[in-house]
């Protein structure tokens, strides 16, 4: 018995010594950082069970208060990196004591200038040395772009790339073994950033997990401006109310839900969904015209679900996929301008903070498209550099996305295939795309859409349930994901059912014999 107590005591002492050594290493780490254009604010030791400090996070990004309790021991490094005489970005590097030899960079969202702390918490728990930047400015607004192309360049690509270079250097300094593999995790603008790295800096990452990417970014901004032109303001005869959009949604589900073989309230393949809205036009005897559509309103809805073309007839951006209208009615169809599109035109295209979004026309679309600063559109179809570097990319997009249509991801996949002359099986060697039914914008919707892309969608560490772990397995073991399994969560966080989401261009089909909640009752066809 005495021997067991002695062993336990020795183990406890070793753990204490290890923590003390790690704490000391962290507290003195700033003395070792001598990187060009880098100013270190602090290196802070964060023990298990402590509140994670966000001391440099401004109120516009949520402020300095944090309700996150650290489940790991890590060294939190805060610093600024100068990119020009008119621009700089803030970044943090989290260096965990449970380090696995993996480096990971996180992305941003919207016109976001806020560090993705949620993703940093998620990745560092897995032992990744993790970084996040503010992408060149603080806050979720484009006003910092006004008359400052250097800040736009940081936002387009430079902050992520430079932050990755700095982050890798810090990782090598802190850990004697350096890093074995580098990864990226991001969604929305973060998805675009991941793809920009693939296109422009193919050696930055071995594995990229990119969700709902803001591909074709400038025309995405044009697309966001176009909806006000289609719907008109709330007092116009073309406007469709949120209550009517609910009716429209029910009609879309009625027409399209069963196309995949199961009636479950979720559309598995939006390409098959081509709804006819004339079924909702009020008849001549209708008393309550708010429960149906006028002919003019039906035309509005048809336009909403149509692709955007330029003045010269050139395709600019795909349609909004059906199934997203309940959320989109408050984002795009509310009779107001879309904030991100509004900011892009005010502070980038025209450098005029008084520009009125209600004046937008296809001529403005042409001006913005021609400008495309620093190729921010991120629509290059040749990713052969990434292929040759041995990189892998797992691309996903929710089929209920109400901010960035999933048709944009399908268009990009086809663009890559056409540009590189590769078949789906050829692309599978390094690029796999998974449309996720029942997923909204980077987050769950009506279906089995928790796929482990972040803490809020955690569904286990098994690679089939976790896109980050699936990428690690692909890069390090050569086992590529054949499907992504999503979980449908109840309000209390319990798993109601799971579904395997197919690798594009295959689609999910219910074949039975079990219920639609049985993951084995579905087949990729």
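Glycine is treated like the rest: Cβ placed from N, Cα and C.
Feature annotations, reproduced from Swiss-Prot:
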- 188: active site, acyl-ester intermediate (ACT_SITE)
- 401: active site, charge relay system (ACT_SITE)
- 441: active site, charge relay system (ACT_SITE)
- 257, 260, 262, 264: Ca(2+) binding site (BINDING)
- 26-75: disulfide bond (DISULFID)
- 61-114: disulfide bond (DISULFID)
- 187-442: disulfide bond (DISULFID)
- 256-273: disulfide bond (DISULFID)
- 282-292: disulfide bond (DISULFID)
- 502-524: disulfide bond (DISULFID)
- 51: N-linked glycosylation site (CARBOHYD)
- 80: N-linked glycosylation site (CARBOHYD)
- 98: N-linked glycosylation site (CARBOHYD)
- 283: N-linked glycosylation site (CARBOHYD)
- 288: N-linked glycosylation site (CARBOHYD)
- 351: N-linked glycosylation site (CARBOHYD)
- 1-20: signal peptide (SIGNAL)
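Locations of recorded Swiss-Prot features on the structure.
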| residue | record | DSSP (3 states) |
| --- | --- | --- |
| 26 | disulfide bond | helix |
| 61 | disulfide bond | helix |
| 75 | disulfide bond | strand |
| 114 | disulfide bond | coil |
| 187 | disulfide bond | strand |
| 256 | disulfide bond | helix |
| 264 | Ca(2+) binding site | coil |
| 283 | N-linked glycosylation site | coil |
| 442 | disulfide bond | coil |
| 502 | disulfide bond | strand |
Within the chain of residue 114 (disulfide bond), which residues six or more apart in sequence place their C-beta under 8 angstroms from its C-beta?
57, 60, 61, 62, 108, 134, 138, 139, 140
Using only C-alpha positions, which one of 188, 257, 262, 401 is spatially nearest residue 80 (N-linked glycosylation site)? These are the recorded positions in the record.
188
Just give me the nearest neighbour of residue 26 (disulfide bond) among the recorded positions 257, 262, 401, 441, Cα to Cα.
441
Checking the recorded positions 51, 283, 292, 401, 441, 502 against residue 257 (Ca(2+) binding site) with a 10 Å Cα-Cα cut-off, in sequence order, leaves none
In the same chain, outside 257, 260, 262, 264, whose C-beta lies within 8 angstroms of the Cβ mean position for the Ca(2+) site?
258, 259, 261, 263, 265, 266, 267, 268, 510, 516
Spatially closest candidate among 75, 188, 256, 260, 351, the listed recorded positions, to residue 282 (disulfide bond) (Cα to Cα)
256
May I ask which residues of the same chain, at least 6 positions away in sequence, place their Cβ under 8 angstroms from the Cβ of residue 188 (active site, acyl-ester intermediate)?
109, 110, 211, 212, 213, 214, 403, 404, 441, 442
For residue 260 (Ca(2+) binding site) and residue 273 (disulfide bond), the CA-to-CA distance in whole Å is 10
